[in-house]
Amino acid sequence: MDKIIVRGGKRLEGEVNISTAKNSVLPIIAASILSGDKCIIESAPMLEDVFVISDVLRTISTEIDIDSKTNRILIDSSNIKDCEASSELVKKMRASFLIMGAMISRFGKFRLSLPGGCNIGTRPIDLHLKGFSALGAEVSVGHGYVEAQAKKLIGNKIYLDFPSVGATENIMMAAVMAEGETTIENAAEEPEIEDLAKFLNSMGANIIGAGSGTIHIIGVKNLKGTTHKPIYDRIEAGTFMTAAAITRSKIKINGIDERHLKPVIAKLTEAGVNIKIEGNSMVIDGDRDLKPIDIKTMPYPGFPTDMQSQLSGLLCTVHGTSIITETIFENRFMHASEMKRMGANIKIDGRSAVIEGVDRLTGAEVRATDLRAGAALVLCGLAAEGETEVTDIYHVDRGYVNIEKKLKGLGADIERAKM
Ligand code: EPU
């Protein structure tokens, strides 16, 4: 197992390139099995989560060729026979549940291990299942499995009680070849949903309105192979924006889409950071006197829960009181106790964290409890006095391509070591 060692206090400078989005590429890989034709994903991020979902698909006879030199993934699902995936891998990564919609759509039945909870919350799948049932599938849950089957899927109106990203994606995939029209109301509006719809439409699907709260899916008879490059990772970009702010540095970030970063730009600007957008790049200057801010996480276009831990880290270094309210996941403050080990002053009260900025953070041995918490601790290490060791870094590898190499390229004193 690896850990990251950071010696804090270095100013960052120079440029960093953002990879394509983990949360786009995972549903897109799942969607690739909707047609028996080959699909190609260009400029894919070489991430642990990508390797895991690929391994899950290999257990149902999909051939997946991942070329880490060209960042190209070739998916050939022409030989899928098994309509069951019971691998431990499914339990390891929740996003593998996204293959359910695609498999019911293509084969009319699928049986999959039930994904477990995870560190950030219980994460139920009731909305996914409600959607499959509304399309006419018979869904049952028992003995650790979810099973769904349907002679024929038929389009329907589906209202989501909460705009769940995964449920919106899974239902979209299940509905693309259903008979007639499906409407998803109160759908998630995240940019990754729009990207998935773009991918599906390039396979021959007919999806209108993805990226808004109402999505119309007009069923088509079949889909064909396609080639796609996912959108840039807005959360990786936001993490590097926070790296500039926490080290009070000025850097250039290449590979951004301003539209997708609006809430993060707004909040960092409110804190006093200066941001200039130049096309797909941004120059971010955190070398200022920063002010405390309040943040509430919300579904897109609100402030992303996936940026909450990183901003919490930043606000630990900003004098004054900041209040963070987490409304998406019930257990996403696990970074707080680790940050406290670095001298942070954070009090958790239910869904809120009250942060009093301190003069300085101090290096300590801390543990990445989940992906974004781990990234936030690396950021705290950049600002802390002395050496910080972030253990269990495998969480971070799930969602960041070479985080330590990218930070080193910006001048950070950082390295990866074996635990
Ligand atoms: N929810 C339900 N029932 C459901 C589905 C979701 O109650 O059937 C609840 C969840 O328990 C949670 C809320 O709805 O409280 C939001 O969950 P959502 O389904 O929107 O999240 P997800 O699809 O499981 C994706 C990202 C997460 C990101 C969330 C929210 C992927 C692979 N994962 O998860 O990414 O935090 O949307 O934006 O797209 C990360 O990258 O660190 C990460 C956790």
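The backbone N, Cα and C atoms fix where each Cβ goes, and this holds for glycine too.
Because TrEMBL annotations are produced automatically, they should be read as predictions rather than curated entries.
When TrEMBL records R123, P124, I125, D126, L127, D306, I328 as binding UDP-N-acetyl-alpha-D-glucosamine, the matching candidate from R94, R259, R360, R367 it lists for that site is R94. The local packing around R123 (UDP-N-acetyl-alpha-D-glucosamine binding site), expressed as other Cβ atoms within 10 Å of its Cβ over all shown chains, amounts to 16. Around P124 (UDP-N-acetyl-alpha-D-glucosamine binding site), taking its Cβ as the centre, 12 other Cβ atoms fall within 10 Å, counting all chains. In this structure, the recorded positions that sit close to ligand 1, with a C-beta under 6 angstroms from any of its atoms, are P124, D126, chosen from C118, P124, D126.
In this structure, C118 (active site, proton donor) is part of a beta strand by DSSP. Every protein chain considered, the tally of other Cβ atoms within 10 Å of the Cβ of L127 (UDP-N-acetyl-alpha-D-glucosamine binding site) stands at 19. Rounded to a whole value, the Cα-Cα separation of P124 (UDP-N-acetyl-alpha-D-glucosamine binding site) and K22 (phosphoenolpyruvate binding site) is 21 Å.
A simple way to gauge crowding: the CB of R94 (UDP-N-acetyl-alpha-D-glucosamine binding site) has 17 other CB atoms within 10 angstroms, across all the protein chains here.
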